[in-house]
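Participant: I'd like to ask you about the structure that follows.
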Amino acid sequence: MPGSMTTPASWNSPLRTGEKYPLVIFSHGLGAFRTIYSAIGIGLASYGFIVATVEHRDGSASATYYFEDQVAAKVENRTWLYLKMLKQEEEEKVRKQQVQQRAKECSQALSAILDIGHGSPKENILGSYFDVKQLEGAIDEDKIAVFGHSFGGATVIQALSEDQRFKCGVSLDPWMYPVSEELYSKIPQPLFFINSAQFQSPKDIMKMKRFYQPGKERNMITIKGSVHQNFADFTFVTGKIVGTRLTLKGEIDSGVAIDLTNKASLAFLQRHLGLHKDFNQWDSLVEGKNKNLIPGSPSDVVNLSPTLQSSPGSHTQN
């Protein structure tokens, strides 16, 4: 049976003026798209963040499009890019190329939004009902973070290594396969891993722990009873039976899992962006102190399923 999802938000409502807002750039997973993480994006926005989600054009989105030029835009002649299917022997080379392109796209998105904040926005040929002039002078350039899930979680790591404008990163159940070993010592910014209970292999966990360098701020927690898709909206749009069979839902209630993710993230952001909020009320979540959390890695929680330790090509949505 299908599930349902509602959003407690007002469409294109005006921005509250006279304030500067922290900014989050979000990177989606393999086979996903920019709107499928609305539960996290809206959650952060409701606490005063500007959230920009990137739809990647590296062949990892389920489908995306662009206009070749102004003429194509006027007649809505779209050039489509679909999910790129790879052969096993192509995986390593292409995935590493993709994660690098994804990181650059996150930086490009950041630059575009900062241009808006400076009062010099690029022309939006897609059109918009939202008045971007509201963002002029409203972005706090010292308070910028990068988020991502799965392949997007790997993108967080890559982006932090390349762009110091990102002051910290939250990597949600990252797909560690495309992450290069050379990055272990190249990320000075604080990094927070929030993992599900059943996706990560011991090898992936070891790669995450290699980022624990002396003097570097690192945190890792695991959400008990969760699955990889507990971070995306897929978990809300199916009923319990179908969602469980398709591993879109875990044993934990989907709403509880997202709430833990958002609140732990907010506490982490307050610590490392210098926010003057009350998000420190959730500091204990960053340390894994909750009945639904484990401090550290998923391997401390459950015995990993062999199917989750198979080849990288086995992941249909990362």
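Cβ atoms here come from the backbone N, Cα and C positions, even for glycine.
Dumping what TrEMBL says about this protein:
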| type | residues | note |
| --- | --- | --- |
| ACT_SITE | Ser150 | active site, nucleophile |
| ACT_SITE | Asp173 | active site, charge relay system |
| ACT_SITE | His228 | active site, charge relay system |
| COMPBIAS | 300-318 | compositional bias 'Polar residues' |
| REGION | 296-318 | region 'Disordered' |
Participant: Quick one: pull the CA-CA distance for the residue listed as 'active site, nucleophile' versus Asp173 (active site, charge relay system), whole Å only.
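Facilitator: About 5 Å separates the two Cα atoms.
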Participant: Enumerate same-chain residues with a sequence separation of six or more from Asp173 (active site, charge relay system) and a Cβ-Cβ distance below 8 A; give 'none' if the list is empty.
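Facilitator: Long-range Cβ contacts: His149, Ser150, Gly153, Ile194, Asn195, Ser196, Phe199, Gln200, His228, Phe231.
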